[in-house]
Amino acid sequence: MRPDRRTENTQLRSFSSSQNVLNQADGSATFDLGETSVMVSVLGPVEVPLRDEKMDEATVEVVVRPSMGVPATKEKLMEQTLRRAIEPVILGGMMPRTLIQIVVQILKDDGSAIAASLNAMSLALVDAGVPMKFMIASMSCMIDRITNEIVMDPTTKELENASSVHTFAFDNLSATPNILLSDSRGDFSQKQYFECHDKCLNAVEKVHDFLRMAVNSKKEKEYQQLSNE
């Protein structure tokens, strides 16, 4: 039995999400992975400061805010990781010399915060109407240092026993999705890395299905509202 009462190491926590949650943003979304909760707002495309201007594409800025206190080194590293994964998703060439600002607010971190953030970012970008090549979906796993087993979607408590932690993100374009993020930290073998990759790839299929349903559900509600006007 896992700390949150899941019975299998392969079992994921429940997903939940909402879109258009902030009135003053161009797009916004929340994504919950069990007790882990993230809210993302998107502003843009807007005018970009001259020093950050790119002549042929949009500038993508990612800001991470912790649940408590001010951003520190952990959040700065997370910003770099998230930006590296999300930039290839955005069709920046359609919006040259503009800024797309993505603000990630960690509401609660009980493990897999990077994965939850990327999933929320995907929904928020769709909500903002930002042109995208594809949807991105992400999942994390760890290798237990005692049992050497792979544990999917670990909680903070479980991460205390991790020898390594792995977060992957994939697109939804092909039968063999492309890797958009491979973030692995700790001690692990090549064999373990590829096992983690395969398990996260399988799990991400469920995330993509959920994101697709969330987007379609929002579109249906908007259509119904327009029909009733």
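Each Cβ is built from the backbone N, Cα and C atoms, and glycine gets one as well.
Keep in mind it's a predicted model, so treat the numbers as computed, not measured.
According to TrEMBL, the feature compositional bias 'Polar residues' maps to 9-20. Marked as domain 'Exoribonuclease phosphorolytic' by TrEMBL: 11-131, 145-196. The annotation region 'Disordered' is assigned in TrEMBL to 1-20.
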For the compositional bias 'Polar residues' (9-20), find every same-chain residue at least 6 residues outside the stretch whose CB is under 8 Å from a CB in it, and list them.
2, 27-36, 119-120, 123-124, 126-127, 139, 149-153, 199, 203, 206-207, 210-211, 214-215, 218
DSSP helix, strand and coil counts for the compositional bias 'Polar residues' (9-20)?
0 helix, 5 strand, 7 coil
What does the DSSP secondary structure composition of the domain 'Exoribonuclease phosphorolytic' (145-196) look like, as residue counts for helix, strand and coil?
11 helix, 20 strand, 21 coil
